[in-house]
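Q: My questions all concern the structure below.
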Amino acid sequence: MAWTKYQLFLAGLMLTTGSLNTLSAKWADMFSAIGCHDDPEHAFTHPFVQAVGMFLGEFSCLAVFYILLCTDRRRPEPRMNPGQDFHPMLFFAPAMCDMTATSIMYVALNMTSASSFQMLRGAVIIFTGLLSVTFLGRRLHKSQWLGILTTIMGLIIVGLADFFRKNKDDTHKLSDVITGDLLIIMAQVIVSVQMVLEEKFVYKHDVHPLKAVGTEGFFGFVVLSLLLIPMYFIHVGSFSDNPRHVLEDVLDAFCQIGHEPLILLALLGNTVSIAFFNFAGISVTKEISATTRMVLDSLRTLVIWVVSLALGWEQFHGLQVVGFLVLLVGTALYNGLHRPLLARIPCCAHLVATEEEEEVGDSPGERERLLGDGRVQTPDES
């Protein structure tokens with residue numbers, strides 16, 4: 001069945017904004033500018049400020065929800081399901097997980113390449129699968145276990161590629177790259193905890209996905225903004241690259257933005273792209289399928305990698321190609337994308353039928369909603 005123009009637009013919007021989200025964050029990291037009090041020019045390394053901007057983008061989804069709701073209610077026959085009322089604190093724990101993981105990943109993005117950053121985020125499959133078995137009592141199929149093992153192999157290959165590769169400008173030392181890669185994988189553990197919490201406590205409620213994303217964004221934005229105050233006074237030595245060597249110097253960030261306006265453009269790109277990415281992802285799953293959303297999410301890794309190479313941000317390494325392909329296979333196996341292919345092979349068709357029979361009784365979208373990009377998903381879509 002051919003896609004409509006609207007479906008093609010949504011797919012393109014998700015792929016574009018998802019890629020821009022990581023690329024704009026990395027672009028901001030690559031700027032250098034003068035800070036406050038005539039500080040010498042230094043790199044823009046303000047991961048927590050960037051994380052606040054990302055949560056502002058998520059928070060804006062709440063405004064989009066109410067705009068769509070008001071527009072729908074003006075129609076003679078409203079079609080939008082606003083969902084049931086819920087206590088906002090239901091999203092506080094998942095939002096704190098999201099805040100912690102996002103902050104760690106932005107710290108890691110300062111240390112490693114954009115392509116490795118995106119590829120290593122595939123580790124979420126491993127921890128989400130294991131935690132869903134332990135805490136949700138879910139039973140994984142053999143193909144999903146194989147997908148987890150394949151993903152582990154892919155992560156090892158990508159890590160080896162980073163170990164043997166030298167950046168073109170030598171801005172990242174080997175120790176920084178390894179530390180950044182490990183931080184990204186550690187962040188995926190927290191993301192998987194977030195998803196399991198959402199699965200256990202949130203999805204039993206009929207919450208509109210845009211409202212859910214916006215509520216988490218609100219908590220993340222408010223809490224992290226307040227945390228910037230004590231971060232301004234916490235000295236961390238050489239761990240921080242800002243002149244005062246504190247955990248986060250928000251005043252230095254604003255001064256650098258004032259001296260180099262393009263940093264603001266990069267930050268706005270990150271904020272706006274995350275808002276549109278969430279909207280597009282929700283719409284793709286609703287209008288097309290959750291499987292299509294996962295395929296597009298994998299493709300944006302390829303887009304980020306190709307653009308990074310084209311801009312000279314990193315050098316080509318064959319091991320990274322192998323790692324990406326292995327990760328792609330692992331994701332496909334875990335999400336059941338191999339089934340249509342195997343169903344056409346007579347000797348394997350019964351294996352597909354067996355897996356599908358085992359899934360009878362599972363809630364709609366049960367597996368898909370545990371595999372988002374750290375954002376909230378609900379059973380019927382998103």
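Each Cβ is built from the backbone N, Cα and C atoms, and glycine gets one as well.
I grabbed these lines from TrEMBL:
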type: SIGNAL; residues: 1-18; note: signal peptide
type: TRANSMEM; residues: 48-69; note: transmembrane segment
type: TRANSMEM; residues: 90-109; note: transmembrane segment
type: TRANSMEM; residues: 115-136; note: transmembrane segment
type: TRANSMEM; residues: 145-165; note: transmembrane segment
type: TRANSMEM; residues: 177-197; note: transmembrane segment
type: TRANSMEM; residues: 218-235; note: transmembrane segment
type: TRANSMEM; residues: 262-282; note: transmembrane segment
type: TRANSMEM; residues: 294-313; note: transmembrane segment
type: TRANSMEM; residues: 319-337; note: transmembrane segment
type: REGION; residues: 358-382; note: region 'Disordered'
Q: Hey, does the transmembrane segment (319-337) touch the transmembrane segment (145-165), meaning at least 3 C-beta pairs closer than 8 angstroms, sequence gap 6 or more?
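A: When sequence-distant Cβ pairs are counted, the transmembrane segment (319-337) touches the transmembrane segment (145-165), since at least 3 lie under 8 Å.
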Q: Using Cβ atoms and a strict cutoff of less than 8 Å, what residues sit near the transmembrane segment (319-337) while being 6 or more residues removed from its termini?
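A: Those are 115-116, 119, 122, 125, 129, 143-144, 146-155, 157-158, 160-161, 164-165, 291, 294-295, 298, 301-302, 305, 355, 367-368, 371, in sequence order.
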Q: Counting only residues 6 or more past its boundaries, what in the same chain has a CB within less than 8 Å of a CB in the transmembrane segment (48-69)?
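A: Non-local partners: 21, 25, 28, 80, 82, 99, 102-103, 106, 208, 210-211, 213-218, 220-221, 224-225, 227-228, 231, 247-248, 250, 253, 267-268, 270-275, 278-279, 375.
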Q: Same chain only, please: residues at least 6 beyond the ends of the transmembrane segment (262-282) with a C-beta under 8 Å from a C-beta of the stretch. Say none if there are none.
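A: Same-chain contacts beyond the flanks: 10, 13-14, 17-18, 20-21, 24-25, 27-28, 31, 33, 44, 49-50, 53-54, 56-58, 60-61, 64, 209-210, 213, 256, 293, 297, 372-373, 375, 377, 381-382.
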